[in-house]
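Trainee: One structure, pasted below without further comment.
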Amino acid sequence: MDITIHNPLIRRPLLSLLAPSRIFDQTFGEHLQESELLPTSPGLSSFLMRSPIFRMPSWIETGISEMRLEKDKFTVNLDVKHFSPEELKVKVLGDMIDIHGKHEERQDEHGFIAREFNRKYRIPADVDPLTITSSLSLDGVLTVSAPRKPSDLPERTIPITHEEKPAITGAQRK
């Protein structure tokens, strides 16, 4: 069998970088939108409309997780709408949060499907692992959060001093 190796820029059109493959999405295996099957206009319009440049979906529409580190709180939001609460596990392992979801093969309107995922997040140094909680909303969003410890170091202003000599001497400028 002969295998031809192409330059990656020739093999993949540059515009395909704007619309990444759904195989890497958490929603891989779900039904396709009609616009993905039958483009409404000739050319690459369907690819461009899926592009994040033209349409900025929120994290919940993309099936991707979101991690926020705010001044007083650490939060992870994850779309787990395909899993029941019994199929999800949230653990703290050292300085990591481990979220695992798995359901065995079951039938849906398109055939049979089995899903499994595992996500890990590093716990920030100023978060006490014992304060981490999780909750699951009715629309399938898992929220893992914890308060951040206030900094013990007070804010201070650093004075700026003036020097009477240049930082770069004539010999160094050449």
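In case you wondered, yes, glycine gets a Cβ from its N, Cα and C as well.
Automated prediction, rather than curation, is the source of TrEMBL annotations.
So TrEMBL says this about it:
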DOMAIN    55-163  domain 'SHSP'
BINDING   H103, E105, H110  Zn(2+) binding site
REGION    148-174  region 'Disordered'
COMPBIAS  149-166  compositional bias 'Basic and acidic residues'
Trainee: Going by DSSP assignments with H, G and I as helix and E and B as strand, what are the residue counts for the compositional bias 'Basic and acidic residues' (149-166)?
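Mentor: Across the compositional bias 'Basic and acidic residues' (149-166), DSSP assigns the residues as follows: 0 helix, 0 strand, 18 coil.
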Trainee: Count, for each of the binding-site residues H103, H110, the other C-beta atoms lying within 10 angstroms of its own C-beta, and report the residue with the smallest count.
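Mentor: Among the binding-site residues H103, H110, the lowest count of other Cβ atoms within 10 Å belongs to H110.
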Trainee: Sequence gap of 6 or more, Cβ distance under 8 Å: name the residues on the same chain that satisfy this around E105 (Zn(2+) binding site), in order along the sequence.
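Mentor: Within the chain, E105 (Zn(2+) binding site) has Cβ neighbours under 8 Å at F112, I113, A114.
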